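Annotated in Swiss-Prot:
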BINDING   Gly26, Ser27, Gly28, Lys29, Ser30, Thr31, Arg132  ATP binding site
BINDING   Ser30  Mg(2+) binding site
BINDING   Asp48, Arg72, Gly94, Arg151  substrate binding site
Amino acid sequence: MHPTDPSQPLGERLQGTNLYLVGMMGSGKSTVGPLLAKALGYRFLDADAVISQAAGCSIPEIFERDGEEGFRQLERQVLQQLSQWHSLVVATGGGIVTVPANWGELRQGVVIWLDVAEEELMRRLQADPGGRPLLAGDDPAGRLHGLLEKRQPLYGQADLRVSAQGEGASDISERILQQLPGLLKAPGAPQTTAP
């Protein structure tokens with residue numbers, strides 16, 4: 001089967017290639033991801049949930065115990081394991097793009113950035129404030145702004161950028177599904193290299 005043959009179902013044309021959803025906390029990765037997985041006949045995994053299960057504690061507890069560096073090391077190990085599997089839609093943690101080595105695994109799949117404006121992110125995060133250690137403390141809006149400034153250029157290296165606001169998760173999922181065929185490569189085409 002040829003991955004660019006439009007007569008084949010999209011899930012088959014992907015040939016098990018994983019989809020990695022990247023974007024800021026609150027961008028909708030864990031909401032859109034299961035819809036994509038269902039449409040493609042894939043399995044959905046939330047990387048933060050896998051990390052929590054592996055560590056035996058919550059993400060805030062990992063940050064408190066091991067700091068951000070310890071969390072990023074565990075996140076890297078989980079990504080390395082997940083990249084060995086196939087037919088997954090993975091909602092990654094918002095900071096996964098900040099570790100250059102992670103791009104090697106991410107580039108083995110299709111990287112999709114769910115982009116949300118800063119004001120909308122703040123609104124969403126205020127509505128659901130739990131478990132966000134990087135926003136803890138004084139001035140969460142200032143912290144969010146700083147994280148966005150650092151991460152947006154990294155998110156911009158994704159294969160696909162999708163605005164994830166102003167419509168429901170099912171509409172966002174459908175737009176991603178419509179754009180995926182344009183990202184499929186013919187056999188023998190050069191692979192995208194890590195940044």
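For all residues, glycine too, the Cβ spot is worked out from N, Cα and C.
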Close binding-site residues near Ser27 (ATP binding site), where close means Cα within 10 Å, chosen from Asp48, Arg72, Gly94, Arg151: Gly94
Rounded inter-Cα distance in Å - Asp48 (substrate binding site), Ser30 (ATP binding site): 10
Intrachain C-beta neighbours of Lys29 (ATP binding site), sequence separation six or more, cut-off 8 angstroms: Leu21, Val22, Gly23, Asp46, Ala91, Thr92, Leu114
By Cα-Cα distance, the member of binding-site residues Arg72, Gly94, Arg151 nearest Ser30 (ATP binding site): Gly94
Candidate nearest Thr31 (ATP binding site) in space, where candidates are the binding-site residues Arg72, Gly94, Arg151 and distance is Cα-Cα: Gly94
Asp48 (substrate binding site): tally of other CB atoms within 10 A of its CB: 23
Length of the line joining the Cα atoms of Arg72 (substrate binding site) and Gly28 (ATP binding site), in Å: 21
Site with most surrounding Cβ atoms, counting all protein chains shown within 10 Å, from the binding-site residues Ser27, Ser30: Ser27
